[in-house]
Amino acid sequence: MESADFYEAEPRPPMSSHLQSPPHAPSSAAFGFPRGAGPSQPPAPPAAPEPLGGICEHETSIDISAYIDPAAFNDEFLADLFQHSRQQEKAKAAAAPAGGGNDFDYPGAPVGPGGAVMPGGTHGPPPGYGCAAAGYLDSRLEPLYERVGAPALRPLVIKQEPREEDEAKQLALAGLFPYQPPPPPPPPNSHPPPAHLAAPHLQFQIAHCGQTTMHLQPGHPTPPPTPVPSPHPAPALGAAGLPGPGGALKGLVATHPDLRAGGGGGGKAKKSVDKNSNEYRVRRERNNIAVRKSRDKAKQRNVETQQKVLELTSDNDRLRKRVEQLSRELDTLRGIFRQLPESSLVKAMGNCA
């Protein structure tokens, strides 16, 4: 096991000595004496700090400046990391009473008039307090940064996101889509404008559409064009309120009354027929003849189907009887071959060969 490296150095001077404040005398509580009862000799001046070059000369140092981006050293560098700890320290300093004595007083020290701590108290500090005073003094040096307004300390800067991008986007959108007042609506019961007056309206719409055109990249799909409203009146509406052939037909019949007797072409209205006329009688006779013919054809097809079924049934019975006859002959031949001896079978096979 290697021993830990300890370095001998003079006691660290208080922070107030670097800010041109009167040097503080070493507290007698650090040596186990009550306050105000120390030796009579004057306090020794603080020792001059040793040059930094003589500290840890035998240790190895690494230069990491090559690995750090120089652009990262700005006023906001590591500000977010120390924000929380400094806020806690400021909150503690603000919570302390205004005349609450000094940072080096122990909690049980009596308080005199005006909030000042009585030096030494009536009975002195508790035993053993002087042994821990040195470590306590070293650990309470941090609040001096807050008590003394040091000019070298920078104020805490909170990083905020830039908002110039939002303003630039708004300006760009305003340049792409300028406000265009809508054209005044036409008065009611107005006739459609003639052809020579409709051209400026169309040019205005084309110009308006050209101003609001979006510039897309080659990879994006092109949106469908916006339909331009026509200045001409809408077509006639049909029976259901929709434009269609029915509405146009009604308008045509209204303008030409002589078309009503003709049935209206493709309309669903039935034609009025006189049942006592010869034409109606001839038509009914032709229809009856066609119906009789279709019925006779259906009956004939039915009779033909029945005859075909009878023929197929008779053929099936005849084939079944033939199969039964052949099966009986086969059984008879098998019985004959079983009764013959094997020698005769061999001779018969030899004669056949």
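We number each residue from 1, going along the chain as drawn.
Yeah, the Cβs are placed from backbone N, Cα and C, and that goes for glycine too.
According to Swiss-Prot, the DNA-binding region annotation covers 280-295, on the basis of similarity to another entry. The feature compositional bias 'Pro residues' is assigned by Swiss-Prot to 40-49, 179-195, 220-234. Marked as SUMO cross-link by Swiss-Prot: Lys159. Among the features that Swiss-Prot reports, SUMO2 cross-link is placed at Lys159, with the record citing similarity to another entry. As annotated by Swiss-Prot, domain 'bZIP' applies to 277-340. The annotation N6-acetyllysine is assigned in Swiss-Prot to Lys159. Positions annotated as phosphothreonine by Swiss-Prot: Thr222, Thr226. As annotated by Swiss-Prot, phosphoserine applies to Ser230, with the evidence given as similarity to another entry. The region 'Disordered' annotation in Swiss-Prot covers 1-56, 176-197, 213-278. Here Swiss-Prot flags 54-72 as region 'Required for interaction with TRIB1', drawing on similarity to another entry. Annotation comment: Swiss-Prot describes 126-200 as region 'Required to induce adipocyte differentiation'. Residues or ranges marked as region 'Required to functionally cooperate with SREBF1 in promoter activation' by Swiss-Prot on the basis of similarity to another entry: 180-194. According to Swiss-Prot, the feature region 'Interaction with FOXO1' maps to 240-353, an assignment based on similarity to another entry. Taken from Swiss-Prot, the feature region 'Basic motif' applies to 281-308. The region 'Leucine-zipper' annotation in Swiss-Prot covers 312-340.
Packing against the region 'Basic motif' (281-308) from elsewhere in the chain is no residue: none 6 or more residues past its ends has a CB under 8 Å from a CB in it. As a whole-number mean, the pLDDT of the region 'Required to induce adipocyte differentiation' (126-200) in this prediction is 58. For the region 'Leucine-zipper' (312-340), the number of residues in each DSSP class (helix H, G, I; strand E, B; coil) is 28 helix, 0 strand, 1 coil.
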